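What TrEMBL says about this protein:
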| type | residues | note |
| --- | --- | --- |
| BINDING | K129, Q192, G221, D252, K391 | UTP binding site |
| BINDING | H222 | substrate binding site |
Amino acid sequence: MATLSPQTTRGQHHPHTLSTLDFQGASSAAAANAMRTELNRLISLIKDEKERAHFQTEMGNFFMLFNRWLSERSKGTKINWDKVKSLPEDQIVPYDSIPKVTSSSHLNKLAVLKLNGGLGTTMGCVGPKSAIEVRDGMTFLDLSVRQIEYLNKAKNVNVPFILMNSFNTDDETKRIVQKYATHNIEILTFNQSRYPRVNKDSLLPTPRHPHGNIADWYPPGHGDLFDSLNNSGLLDQLIEDGKEYLFVSNVDNLGATVDESILNHMVESGAEFLMEVTDKTRADIKGGTLIDYEGSIRLLEIAQVPSEHVEDFKSIKKFKIFNTNNLWVNLKAIKRVVEDKELSLEVIVNNKTTESGEKVIQLETAVGAGIKHFHNGHGVNVPRSRFLPVKSTSDLFLVTSDLYALNHGELSLNPKRMFNTVPLVKLGDHFKKVNNFLARFNNPPHILELDHLTVSGDVTFGSDVVLKGTVIIVANAGSHIDIPSGSILESKVVSGNLHILDH
């Protein structure tokens, strides 16, 4: 039976594997050997030959990631802050400087991929986040499908729509997409890898069996896209079908639509990797940014920043842009870097505590970190409208309102809004879960002239409420505020006894 071994790992010529570690310390050597033994034991428990081969590939990729982490840990390899520099101006291209096209001849060479591995648990929902209704009874998935279907029809092309699922979302997503069977769209799905959580003390995998407790496993971040796309066979299929470019984005970013001008720029510039970035605001201080590090372009995430420099990282003056995770990548280039074992994405350590109280670590990577491995990779500074994520019910409040118009699945800022900026909205814990949020509004308030809204406590809204300027509504513990239908609140503070004051 095939197993993981130092020899087979060495044959892959991957950076920081056991062959290049030279076992910087006895503890790292012991941890690597113990991990390999445990992974081989897990592999041996799978009887089906095809399933075992797939599982072994996944565990081999995990083993390399684990060894890179051990190597970095034993060497104390941390980012040298003195070497972190701002990118030269020519590596961040302003969107306005890109020639605008209404139709690109390269559209038929494009495929669109949504990262669909996340659950809706943070918003109080069960199942894939992409199945949450966000606008006019339509889910994230519905809106994306409508966009691509309209694009295919309007441009007479065949842009396939791909979903990278995780083991958490795959079954339910496959059931959901059946409803699009009669639509003018080709939907393809594949699974990202399933990696074992690692006990923080023993540095051994927590699962005792490949088919055991699902909580012992995790999807290893979207940096896994490159290997998983290749391992699934889908990468070869896309290339064989004449596709050359892949547009990747988070499924919950409603601003991530196909932009033919960016596609054209990618082709004309010969770039194998484009990252859409946008200007940082105070709400984005934790977002990853592009930097120059030892003469090459790199994605820097807050998790990689030494604790003493976190405030520097958050500075809007020093780091003016952040990664939207809208990425354009050359498919043949992905094939090259995967086959040549060039990928060495920075390891992100995610510390977790299980329900039983066990401290575990998850080793993850970010897809944007791949930019350093692709020729002529650079950033494009896009308008904020291309970054419209829905991470909370405060975001949901905005996208369900009259602030946005919906056209062919695409949201755009209502032209009646006087400012291009989006209001700052903070909804309290009573609104945190989607069902609670929906129950507190008869219909979405009108917010075309709203600048800032804070709502705290037990508050409900009647129909056709208008909010303008800065509105703060606070119901103290034990109090309830019901904003009557037809109310117009302009720069007001509403307290527990519904006493309205000028603000």
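Positions of Cβ are set from backbone N, Cα and C atoms, glycine also.
TrEMBL: automatically predicted annotations, no manual curation.
Long-range Cβ proximity for the residue listed as 'substrate binding site', meaning a same-chain Cβ under 8 A and a gap of 6 or more residues, is found for L115, G117, M164, Q192, N325, T365, A366, V367. Note on the binding-site residues K129, K391: the fewest other CB atoms within 10 A surround the CB of K391.
Pairwise Cα distances among K129, Q192, G221, D252, K391, which the record gives as the binders of UTP, peak at 21 Å. In sequence order, I348, E364, T365, A366, V367 are the residues near G221 (UTP binding site), counting only same-chain partners six or more apart with C-beta under 8 A. Counting other CB atoms no more than 10 Å from each candidate's CB, the binding-site residues Q192, D252 peak at Q192.
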